[in-house]
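The structure appears right after this line, and notes come after that.
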(Lines of atoms letter the chains of each structure in order from A and count residues from 1; the text may use other names and numbers.)
(Lines give C-alpha, C1' and ligand atoms only; values in the text may rest on other atoms or scores of the structure.)
Protein backbone atom coordinates (compact mmCIF):
# COMPACT_ATOMS: atom_id res chain seq x y z
CA UNK A 1 0.00 0.00 0.00
CA UNK A 2 1.35 3.41 -0.99
CA UNK A 3 2.14 5.88 1.75
CA UNK A 4 1.53 9.60 1.89
CA UNK A 5 3.32 11.38 -0.95
CA UNK A 6 4.09 8.18 -2.86
CA UNK A 7 3.57 8.40 -6.62
CA UNK A 8 3.59 4.66 -7.30
CA UNK A 9 -0.17 4.17 -7.51
CA UNK A 10 -0.62 7.50 -9.29
CA UNK A 11 1.98 6.79 -11.96
CA UNK A 12 0.73 3.26 -12.58
CA UNK A 13 -2.62 4.74 -13.63
CA UNK A 14 -1.81 8.17 -15.07
CA UNK A 15 1.01 8.73 -17.61
CA UNK A 16 2.39 11.85 -15.93
CA UNK A 17 5.68 13.30 -17.23
CA UNK A 18 7.22 13.32 -13.75
CA UNK A 19 6.72 9.55 -13.42
CA UNK A 20 9.83 8.94 -15.52
CA UNK A 21 11.95 10.64 -12.84
CA UNK A 22 10.50 9.26 -9.59
CA UNK A 23 10.29 5.83 -8.03
CA UNK A 24 12.85 3.11 -7.34
CA UNK A 25 15.77 2.41 -9.64
CA UNK A 26 15.14 -0.52 -11.97
CA UNK A 27 17.87 -3.15 -11.73
CA UNK A 28 17.48 -4.23 -15.35
CA UNK A 29 18.09 -0.80 -16.85
CA UNK A 30 19.60 1.13 -13.97
CA UNK A 31 17.14 3.97 -14.57
CA UNK A 32 14.56 5.55 -12.33
CA UNK A 33 10.93 5.66 -13.28
CA UNK A 34 7.45 4.19 -12.89
CA UNK A 35 5.82 2.89 -16.06
CA UNK A 36 2.04 3.27 -16.41
CA UNK A 37 -0.16 0.30 -17.12
CA UNK A 38 -1.31 1.81 -20.41
CA UNK A 39 -0.43 4.91 -22.39
CA UNK A 40 -1.42 6.30 -25.77
CA UNK A 41 0.44 4.96 -28.77
CA UNK A 42 3.02 7.03 -30.58
CA UNK A 43 2.60 8.31 -34.13
CA UNK A 44 5.18 8.75 -36.86
CA UNK A 45 5.14 11.94 -38.89
CA UNK A 46 7.84 12.83 -41.44
CA UNK A 47 10.21 10.20 -40.05
CA UNK A 48 9.71 11.65 -36.56
CA UNK A 49 8.14 9.74 -33.69
CA UNK A 50 5.68 11.89 -31.72
CA UNK A 51 4.74 10.70 -28.24
CA UNK A 52 1.17 11.13 -26.98
CA UNK A 53 -0.11 12.15 -30.42
CA UNK A 54 -3.68 12.93 -29.34
CA UNK A 55 -2.59 14.96 -26.32
CA UNK A 56 -0.02 16.82 -28.44
CA UNK A 57 -2.70 17.85 -30.93
CA UNK A 58 -4.88 19.00 -28.07
CA UNK A 59 -2.05 21.15 -26.71
CA UNK A 60 -1.87 22.91 -30.08
CA UNK A 61 -5.62 23.51 -29.99
CA UNK A 62 -5.27 24.89 -26.46
CA UNK A 63 -2.57 27.30 -27.64
CA UNK A 64 -4.82 28.58 -30.43
CA UNK A 65 -7.78 29.04 -28.09
CA UNK A 66 -5.58 30.84 -25.57
CA UNK A 67 -4.43 33.29 -28.22
CA UNK A 68 -8.06 34.00 -29.11
CA UNK A 69 -8.96 34.64 -25.47
CA UNK A 70 -5.95 36.92 -25.04
CA UNK A 71 -6.98 38.97 -28.07
CA UNK A 72 -10.50 39.34 -26.68
CA UNK A 73 -9.17 40.48 -23.31
CA UNK A 74 -6.75 42.93 -24.90
CA UNK A 75 -9.61 44.51 -26.87
CA UNK A 76 -11.25 45.59 -23.60
CA UNK A 77 -9.04 48.54 -22.83
CA UNK A 78 -10.89 49.78 -19.74
CA UNK A 79 -12.06 46.47 -18.24
CA UNK A 80 -11.39 45.85 -14.55
CA UNK A 81 -8.52 43.43 -13.92
CA UNK A 82 -7.44 43.38 -17.56
CA UNK A 83 -3.70 43.26 -16.89
CA UNK A 84 -4.10 40.71 -14.13
CA UNK A 85 -6.16 38.23 -16.14
CA UNK A 86 -3.78 38.64 -19.09
CA UNK A 87 -0.94 37.48 -16.84
CA UNK A 88 -2.92 34.33 -16.08
CA UNK A 89 -3.47 33.53 -19.75
CA UNK A 90 0.18 34.21 -20.61
CA UNK A 91 1.30 31.77 -17.92
CA UNK A 92 -1.22 29.19 -19.11
CA UNK A 93 0.15 29.58 -22.63
CA UNK A 94 3.70 28.97 -21.39
CA UNK A 95 2.53 25.91 -19.44
CA UNK A 96 0.75 24.52 -22.51
CA UNK A 97 3.81 25.07 -24.70
CA UNK A 98 6.05 23.32 -22.17
CA UNK A 99 3.57 20.44 -21.88
CA UNK A 100 3.60 20.10 -25.67
CA UNK A 101 7.41 19.89 -25.70
CA UNK A 102 7.42 17.21 -23.00
CA UNK A 103 4.44 15.13 -24.13
CA UNK A 104 5.44 15.14 -27.80
CA UNK A 105 8.89 13.81 -26.93
CA UNK A 106 10.97 16.82 -27.97
CA UNK A 107 12.71 16.23 -24.65
CA UNK A 108 12.44 12.42 -24.43
CA UNK A 109 12.26 10.60 -21.08
CA UNK A 110 15.63 9.38 -19.88
CA UNK A 111 17.59 12.21 -21.49
CA UNK A 112 19.74 14.54 -19.41
CA UNK A 113 17.61 17.69 -19.88
CA UNK A 114 14.32 15.87 -19.26
CA UNK A 115 14.23 16.45 -15.45
CA UNK A 116 14.79 20.16 -16.02
CA UNK A 117 11.91 20.40 -18.49
CA UNK A 118 9.58 18.57 -16.12
CA UNK A 119 10.68 20.82 -13.26
CA UNK A 120 9.86 23.89 -15.35
CA UNK A 121 6.46 22.37 -16.18
CA UNK A 122 5.75 21.79 -12.49
CA UNK A 123 6.87 25.32 -11.67
CA UNK A 124 4.60 26.81 -14.33
CA UNK A 125 1.62 24.81 -13.09
CA UNK A 126 2.10 26.23 -9.59
CA UNK A 127 2.58 29.73 -11.00
CA UNK A 128 -0.68 29.47 -12.96
CA UNK A 129 -2.63 28.46 -9.85
CA UNK A 130 -1.09 31.23 -7.75
CA UNK A 131 -1.77 33.81 -10.45
CA UNK A 132 -5.40 32.71 -10.57
CA UNK A 133 -5.64 33.05 -6.79
CA UNK A 134 -4.30 36.62 -6.87
CA UNK A 135 -6.80 37.40 -9.63
CA UNK A 136 -9.52 36.43 -7.21
CA UNK A 137 -8.71 39.41 -4.98
CA UNK A 138 -9.12 41.96 -7.78
CA UNK A 139 -12.91 41.88 -7.73
CA UNK A 140 -13.03 42.89 -4.06
CA UNK A 141 -11.32 46.21 -4.88
CA UNK A 142 -8.91 45.90 -1.96
CA UNK A 143 -6.45 47.81 -4.13
CA UNK A 144 -6.64 49.51 -7.49
CA UNK A 145 -6.37 47.10 -10.38
CA UNK A 146 -3.80 47.68 -13.10
CA UNK A 147 -1.49 49.65 -10.79
CA UNK A 148 2.14 48.68 -10.19
CA UNK A 149 1.13 47.38 -6.75
CA UNK A 150 -1.44 45.00 -8.21
CA UNK A 151 0.62 43.85 -11.18
CA UNK A 152 3.91 43.39 -9.35
CA UNK A 153 2.29 41.64 -6.40
CA UNK A 154 0.90 39.11 -8.86
CA UNK A 155 4.21 38.74 -10.68
CA UNK A 156 6.24 38.29 -7.51
CA UNK A 157 3.76 35.79 -6.06
CA UNK A 158 3.70 33.78 -9.29
CA UNK A 159 7.49 33.88 -9.51
CA UNK A 160 7.80 32.66 -5.92
CA UNK A 161 5.40 29.78 -6.61
CA UNK A 162 7.36 28.88 -9.74
CA UNK A 163 10.68 28.95 -7.89
CA UNK A 164 9.45 26.78 -5.01
CA UNK A 165 7.88 24.15 -7.25
CA UNK A 166 10.82 24.16 -9.66
CA UNK A 167 13.44 23.76 -6.94
CA UNK A 168 11.52 21.07 -5.06
CA UNK A 169 10.94 19.13 -8.29
CA UNK A 170 14.55 19.37 -9.40
CA UNK A 171 15.83 18.43 -5.94
CA UNK A 172 13.56 15.39 -5.98
CA UNK A 173 14.68 14.27 -9.42
CA UNK A 174 18.39 14.89 -8.71
CA UNK A 175 18.47 13.67 -5.07
CA UNK A 176 19.42 17.03 -3.60
CA UNK A 177 18.81 18.45 -0.10
CA UNK A 178 17.59 15.19 1.38
CA UNK A 179 14.97 14.66 -1.32
CA UNK A 180 15.07 11.95 -3.94
CA UNK A 181 13.07 9.84 -6.40
CA UNK A 182 11.85 7.67 -3.53
CA UNK A 183 11.28 10.58 -1.12
CA UNK A 184 8.56 12.51 -2.90
CA UNK A 185 6.58 13.91 0.01
CA UNK A 186 7.75 17.47 -0.64
CA UNK A 187 6.91 17.20 -4.32
CA UNK A 188 3.45 15.87 -3.51
CA UNK A 189 2.77 18.67 -1.03
CA UNK A 190 3.86 21.41 -3.42
CA UNK A 191 2.14 20.09 -6.53
CA UNK A 192 -1.07 18.73 -5.09
CA UNK A 193 -1.89 19.95 -1.59
CA UNK A 194 -0.76 23.55 -1.94
CA UNK A 195 -2.34 24.00 -5.37
CA UNK A 196 -5.58 22.37 -4.20
CA UNK A 197 -5.82 24.76 -1.25
CA UNK A 198 -5.27 27.76 -3.54
CA UNK A 199 -7.97 26.59 -5.94
CA UNK A 200 -10.41 26.06 -3.07
CA UNK A 201 -9.76 29.57 -1.73
CA UNK A 202 -10.21 31.08 -5.19
CA UNK A 203 -13.54 29.35 -5.78
CA UNK A 204 -14.81 30.29 -2.31
CA UNK A 205 -13.86 33.94 -2.86
CA UNK A 206 -15.60 34.11 -6.23
CA UNK A 207 -18.80 32.58 -4.87
CA UNK A 208 -18.72 35.11 -2.03
CA UNK A 209 -18.08 37.93 -4.50
CA UNK A 210 -21.04 37.03 -6.70
CA UNK A 211 -23.52 36.40 -3.88
CA UNK A 212 -22.59 39.44 -1.78
CA UNK A 213 -21.76 42.17 -4.29
CA UNK A 214 -23.44 41.32 -7.61
CA UNK A 215 -27.12 41.27 -8.44
CA UNK A 216 -26.62 38.95 -11.39
CA UNK A 217 -26.34 35.27 -10.46
CA UNK A 218 -25.39 33.95 -13.89
CA UNK A 219 -21.63 34.03 -13.11
CA UNK A 220 -22.28 31.23 -10.61
CA UNK A 221 -23.03 29.02 -13.60
CA UNK A 222 -19.60 29.78 -15.06
CA UNK A 223 -18.00 28.86 -11.75
CA UNK A 224 -20.00 25.63 -11.58
CA UNK A 225 -19.03 24.61 -15.10
CA UNK A 226 -15.39 25.45 -14.43
CA UNK A 227 -15.37 23.26 -11.32
CA UNK A 228 -17.10 20.46 -13.20
CA UNK A 229 -14.61 20.44 -16.08
CA UNK A 230 -11.58 20.61 -13.79
CA UNK A 231 -12.79 17.85 -11.46
CA UNK A 232 -13.83 15.68 -14.41
CA UNK A 233 -10.37 16.02 -15.94
CA UNK A 234 -8.65 15.04 -12.71
CA UNK A 235 -10.92 12.03 -12.19
CA UNK A 236 -10.46 10.82 -15.76
CA UNK A 237 -6.68 11.19 -15.47
CA UNK A 238 -6.01 9.74 -12.03
CA UNK A 239 -8.79 7.16 -11.76
CA UNK A 240 -9.77 5.94 -15.23
CA UNK A 241 -6.80 6.67 -17.49
CA UNK A 242 -5.57 3.10 -17.81
CA UNK A 243 -9.09 1.69 -18.21
CA UNK A 244 -9.91 4.17 -20.97
CA UNK A 245 -6.60 3.51 -22.68
CA UNK A 246 -7.12 -0.26 -22.71
CA UNK A 247 -10.75 0.04 -23.83
CA UNK A 248 -9.90 2.07 -26.95
CA UNK A 249 -6.72 0.17 -27.90
CA UNK A 250 -4.13 2.75 -26.82
CA UNK A 251 -5.45 5.48 -29.12
CA UNK A 252 -6.23 7.84 -26.23
CA UNK A 253 -5.52 7.99 -22.53
CA UNK A 254 -6.40 10.14 -19.56
CA UNK A 255 -3.77 12.73 -20.43
CA UNK A 256 -5.69 13.72 -23.56
CA UNK A 257 -8.99 13.95 -21.70
CA UNK A 258 -7.41 15.94 -18.86
CA UNK A 259 -5.95 18.39 -21.39
CA UNK A 260 -9.40 18.89 -22.93
CA UNK A 261 -11.05 19.41 -19.55
CA UNK A 262 -8.34 21.81 -18.37
CA UNK A 263 -8.82 23.90 -21.51
CA UNK A 264 -12.57 24.00 -20.94
CA UNK A 265 -11.95 25.01 -17.33
CA UNK A 266 -9.69 27.87 -18.43
CA UNK A 267 -12.33 28.96 -20.93
CA UNK A 268 -14.82 29.10 -18.07
CA UNK A 269 -12.40 31.33 -16.18
CA UNK A 270 -12.44 33.70 -19.14
CA UNK A 271 -16.23 33.49 -19.41
CA UNK A 272 -16.60 34.23 -15.71
CA UNK A 273 -14.24 37.21 -15.87
CA UNK A 274 -16.07 38.53 -18.92
CA UNK A 275 -19.47 38.17 -17.22
CA UNK A 276 -18.51 40.14 -14.08
CA UNK A 277 -16.49 42.79 -15.91
CA UNK A 278 -18.16 45.85 -17.36
CA UNK A 279 -16.23 48.05 -19.75
CA UNK A 280 -16.49 51.83 -19.64
CA UNK A 281 -17.63 52.43 -23.20
CA UNK A 282 -17.16 56.20 -22.91
CA UNK A 283 -13.40 55.82 -22.72
CA UNK A 284 -12.92 52.58 -24.64
CA UNK A 285 -11.56 52.32 -28.13
CA UNK A 286 -12.68 49.28 -30.04
CA UNK A 287 -10.36 47.45 -32.36
CA UNK A 288 -13.08 46.10 -34.60
CA UNK A 289 -13.75 47.71 -37.96
CA UNK A 290 -17.55 47.75 -37.59
CA UNK A 291 -17.87 49.91 -34.51
CA UNK A 292 -19.84 52.53 -36.46
CA UNK A 293 -22.91 51.81 -38.55
CA UNK A 294 -22.44 52.83 -42.17
CA UNK A 295 -25.55 53.94 -44.06
CA UNK A 296 -26.00 53.61 -47.80
CA UNK A 297 -25.63 56.68 -49.99
CA UNK A 298 -28.80 58.63 -50.75
CA UNK A 299 -30.16 58.64 -54.31
CA UNK A 300 -29.06 61.52 -56.51
CA UNK A 301 -32.49 63.21 -56.54
CA UNK A 302 -32.71 63.18 -52.71
CA UNK A 303 -29.15 64.18 -51.94
CA UNK A 304 -29.76 67.97 -52.02
CA UNK A 305 -33.20 67.91 -50.39
CA UNK A 306 -32.13 69.96 -47.36
CA UNK A 307 -32.94 73.38 -45.96
CA UNK A 308 -29.58 74.68 -47.06
CA UNK A 309 -30.37 74.20 -50.73
CA UNK A 310 -33.49 76.41 -50.34
CA UNK A 311 -31.59 79.37 -48.86
CA UNK A 312 -31.95 82.30 -51.29
CA UNK A 313 -28.68 83.75 -50.03
CA UNK A 314 -26.72 80.55 -50.42
CA UNK A 315 -24.00 80.63 -53.02
CA UNK A 316 -23.72 77.72 -55.33
CA UNK A 317 -20.47 75.88 -55.42
CA UNK A 318 -18.61 74.90 -58.50
CA UNK A 319 -19.02 71.29 -57.40
CA UNK A 320 -22.83 71.62 -57.75
CA UNK A 321 -22.64 72.58 -61.45
CA UNK A 322 -21.59 70.43 -64.37
CA UNK A 323 -18.18 71.20 -65.76
CA UNK A 324 -18.66 72.93 -69.13
CA UNK A 325 -16.01 75.56 -69.81
CA UNK A 326 -17.20 77.80 -72.65
CA UNK A 327 -17.01 81.26 -74.09
CA UNK A 328 -19.70 82.66 -71.80
CA UNK A 329 -17.65 81.75 -68.71
CA UNK A 330 -14.55 83.56 -69.86
CA UNK A 331 -16.46 86.56 -71.20
CA UNK A 332 -18.19 87.01 -67.83
CA UNK A 333 -14.84 86.93 -66.07
CA UNK A 334 -12.93 89.25 -68.35
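Using N, Cα and C of the backbone, Cβ positions are placed for all residues, glycine too.
The transmembrane segment annotation in Swiss-Prot covers 49-69, 85-105, 123-143, 159-179, 185-205, 220-240, 244-264.
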Worksheet item: Of the listed stretches 159-179, 185-205, 220-240, 244-264, which one has the most C-beta pairs under 8 A with the transmembrane segment (123-143)?
Response: 185-205
Worksheet item: Considering only Cβ pairs under 8 Å, which range in 85-105, 185-205, 220-240 makes the most contacts with the transmembrane segment (159-179)?
Response: 185-205
Worksheet entry | Highest-contact recorded stretch vs the transmembrane segment (49-69), from 85-105, 185-205, 220-240, 244-264, CB pairs under 8 Å | 85-105
Worksheet entry | Folded-back contacts onto the transmembrane segment (85-105), same chain, C-beta under 8 angstroms, at least six residues removed | 17, 42, 49-52, 55-56, 59-60, 62-63, 66-67, 69-70, 73-74, 114, 117-118, 120-121, 124-125, 127-128, 131-132, 135, 151, 154-155, 158, 255, 259, 266, 269-270, 273
